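Lifted from TrEMBL, the feature list:
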DOMAIN    4-222  domain 'Thiolase N-terminal'
DOMAIN    249-383  domain 'Thiolase C-terminal'
Amino acid sequence: MRDVAIVGRGTTPFGVHDAGVKELATTAVTRALASSGLETEEIEALYLGNFTSGMLEGQEALAALVADAVGLDGVPATKTEGACASSGIAFNQARQLIAAGVYDVIVVAGVEKMTGVPTEQFTQALSAAADATTEQPAGLTFPGFYGLFTDRYLTEYDADRTDISRVAVKNRRNAADNPRARFRDPITIDDVMESEPIADPLRLYDCCPAADGATAVVLAANDVAPSITQDPIQVLASAHTTGRSGAYRYEDLTTFEATRSAAEQAYDQADVTPSDVDVVELHDCFSSAEVGDSEDLGFFPKGDGADAVVAGKTDVNGEVAINPSGGLLSKGHPVGATGLGQIYETCLQLDGEHENQVEDARIGLTHNLGGSGAVCTVSVLGRR
């Protein structure tokens, strides 16, 4: 198996865009190609993560349309779908194909267009990530699922409700200088606790905002990467796993087995431990999710994640910087673009170019979770 590196990257800001899904993806891919300095004839395949283009824009065959729009004539173009983990899966698949020697250079993109549609249509589209035979008929929405998750965590580990709110406050503070983030104005614990109730005990500011956006990276085999860039970022690991779907099937409602297994595989592939990781972009779709994810990824013992936030251990200058970009809670969650957005932010950290730079960042981890814990990808990037 060959080693793989990131040799180019491009993104749009996450927020509200007039452009449609194809145009957003085309912009990100064009910027990634320009970053790499490669010509379109040198790209051998396109992988694109997306969740709702068919449901919200009536547009399928999206990968092929994007390939044509950017001039990737004749290359195989594949769309991957895994709900919120769609572009994490695209990244994983492309990395495996290069590692196996099938291709030398692949462009990977993620995109979502979520604004500008009626709330009912938007909600129905997102609910498609839940099991249509069990979860959907029961009426359990994703805020509802994470409301149960949060309530169980607070009860099981005797955590303080305001400690969960500190995640939202921290991530908004982190987003303040990030021009790619949707929301950048500061908030307080009182702001969170007094915001609109969504799914008890979660409030509005505990929930990530929808967004439009696209991100792309160019992957290359390590033996050709030096001819593209003098300073490629190494893909040390990328793991893709599945877990139980549906709250009724969880033995422990505060743990996602897909995250735990993907993390174990990624640490093994990269030959690192959680203590080696300097910066993390994880799937904080809700404030409590960051707490639980930080434990499932091995950064803190079970039940200690909330205390770690209070103690500043997850701050930019803490033991392990978690979501210095602002995370999904402040940067926004354009579902199919989120996984690659995390990778983009981590690349900036490893290049020492982030607006919220973690000092001496050498190893970064990204965590992208889909559905009610049904699918997960964990990737480790680094400079060693």
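Indices start at 1 and increase along the chain as displayed.
Heads up, the Cβ atoms here are built off N, Cα and C, so glycines get one too.
Looking only at the domain 'Thiolase N-terminal' (4-222), the predicted model's pLDDT averages out at 97. Helix, strand and coil counts under DSSP for the domain 'Thiolase C-terminal' (249-383) come to 55 helix, 23 strand, 57 coil.
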